[in-house]
Amino acid sequence: MPSMVVIPSAARPTRLVPADKVHSVLCHRIDGKEEQYLVRWNSSLQTPPLSWHNLSELGGCLEYVQDYLDKGKARIAASAQPSKKRKSPDTDSDIERPARLSPFRTHLYPPSRTPSTDRSISSPTLSSISHNQHPNGTASAADTVNVYNGVLDVKDGTIIVHSSYAPHVAKIGIRSVPTPEMAIAARDAPTYMAEIMVRAAYMRKLENVPGKKIHLTNTIDATSPSLKFRFIADYVLGEGVYRAAKDTQVGCQQCASNMGQSIGCEYTRKCDCLEFAAVDESRLDENQKRLFAQLKKTGGSTLGLPKKFPYYAEGVKVQKAGCLVSFYLNSRRPIYECNDNCRCGPYCRNKLVQFGRTVELEIFKTKHRGWGLRCKQDLKAGQFIDTYRGEILTDAEATRREETSSKAKASYLYELDKFKVSEGLRDEDIYVVDGEFMGGPTKFINHSCEPNCRQYTVSYNKYDCRVYDIAFFARRNIPKGGELTFDYLDKDEEDGEEDPGEGSVPCLCGAAKCRKWMWM
Ligand SMILES: C[S@@+](CC[C@H](N)C(=O)[O-])C[C@H]1O[C@@H](n2cnc3c(N)ncnc32)[C@H](O)[C@@H]1O
């Protein structure tokens, strides 16, 4: 018989639970006035495989507590109905829904699910659970719950439980935890403190994000965005993803930091970075008009022709300085910014998005569309908000993730396919940004059929057609507190079809001209 180890209810504050050792949190209870959470440890060889902990011990693994609050608690509430069949705590309760596309991806992937290898052990029946008895022979609900303070050991997938009252050993399969008694106790036990701690941990994350403050508010429920999410300032390149070699990022060589007004690039004809930028037809002389007409037919470089700068420079229209000029705002043309190898210096009028967000934002809970993002300050039409960040994945890896994720889950995949047609890229050459696990606050921007923002392609290397920035700009003036939205459909690629296809998801944007479906 294994030696008895009783996990005290009022645990020692020094006993911190390391996140990398945790498999999951399975249940909670109130002991005295204290919230306690039942941790299942990573390795079943560990002794004990389960133990109760108070929140002061769980500060380093709050993401597991959050997982439990978001999913486990609901499962427990359902399983606490004594008359109904109980689900194993590890059983995936995601609802199977029709296949759908991600908000941003244009390919349809067949639905598929990967079974968790963790489900090989079958769930024992309720009758396999022995209830512990108090020495006086009675077994109250409270006693039967408390007994599991003393989970001791695991053998052949069976947990061996010692009661602190009775000398006999109760055996219950690891899949049977939480027991019905635990589930009943958990159903009515509050989780306020855990929710507060999770919220505080997320706020601390936000405080560490560089740039203007990002707020968090939730007037709908007690949840917080996932603590597993990592805020990153730049893309993280996944396996098999490569940016164009550094030496291809040549930059403009004929420009200088002071060409008269100390605003970096000033002559669009000279700036090599603007080679592929929009030609300013209003400034073409007759010869240039003829040349440009020819180039439109035959293709070829428009270097030397006057171009349009993307942003209003300081001093041009004071109130618009730094905003996207209306030509770009109303088009889908890529924006080519100057880069570190340019001769125009650090303060060039052709550099903006690369310096990052300067706008104060707020992540907030919507009624029916999960989390959303709004601005905490008035925004002007053409004002830059932030970029979309995440892991850049190969198409194959993105497909794998899409196929293995629950169809009911929100999607954060964004294809970098702007140059697919112009550069003749194959589907499998296209990279995809996944903003689910790491990224920035823009992951929370919801779709609207009448959006107030739009996504633009911003490139710092005109020779790299596979890696570029996706930048969000305000399409119109947005008052402080307005929810930021963009159209998940790239209109240029829309074929105008009206019927919802397989994988379409109902749109809840509420706009007067809502198309009723998010095309995913
Ligand atoms: C990029 S995420 C946006 C943030 C998301 N609401 C969240 O809570 O993390 C995209 C997901 O948000 C939800 N969503 C966004 N816009 C929506 C809309 N107009 N109608 C319904 N669901 C929407 C969908 O679940 C979609 O897959």
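Including glycine, each Cβ sits where the backbone N, Cα and C put it.
All annotation found in TrEMBL is predicted automatically rather than curated by experts.
Copied from TrEMBL, the annotated features are:
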- 76-141: region 'Disordered' (REGION)
- 88-99: compositional bias 'Basic and acidic residues' (COMPBIAS)
- 117-130: compositional bias 'Low complexity' (COMPBIAS)
- 131-141: compositional bias 'Polar residues' (COMPBIAS)
- 248-356: domain 'Pre-SET' (DOMAIN)
- 359-489: domain 'SET' (DOMAIN)
- 503-519: domain 'Post-SET' (DOMAIN)
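Applying DSSP to the domain 'Pre-SET' (248-356) sorts its residues as follows: 30 helix, 6 strand, 73 coil. Across the domain 'Post-SET' (503-519), the model assigns an average pLDDT of 87.
Sorting each residue of the domain 'Post-SET' (503-519) by its DSSP state yields 0 helix, 4 strand, 13 coil. For the domain 'SET' (359-489), the DSSP-based tally of helix, strand and coil residues reads 17 helix, 45 strand, 69 coil.
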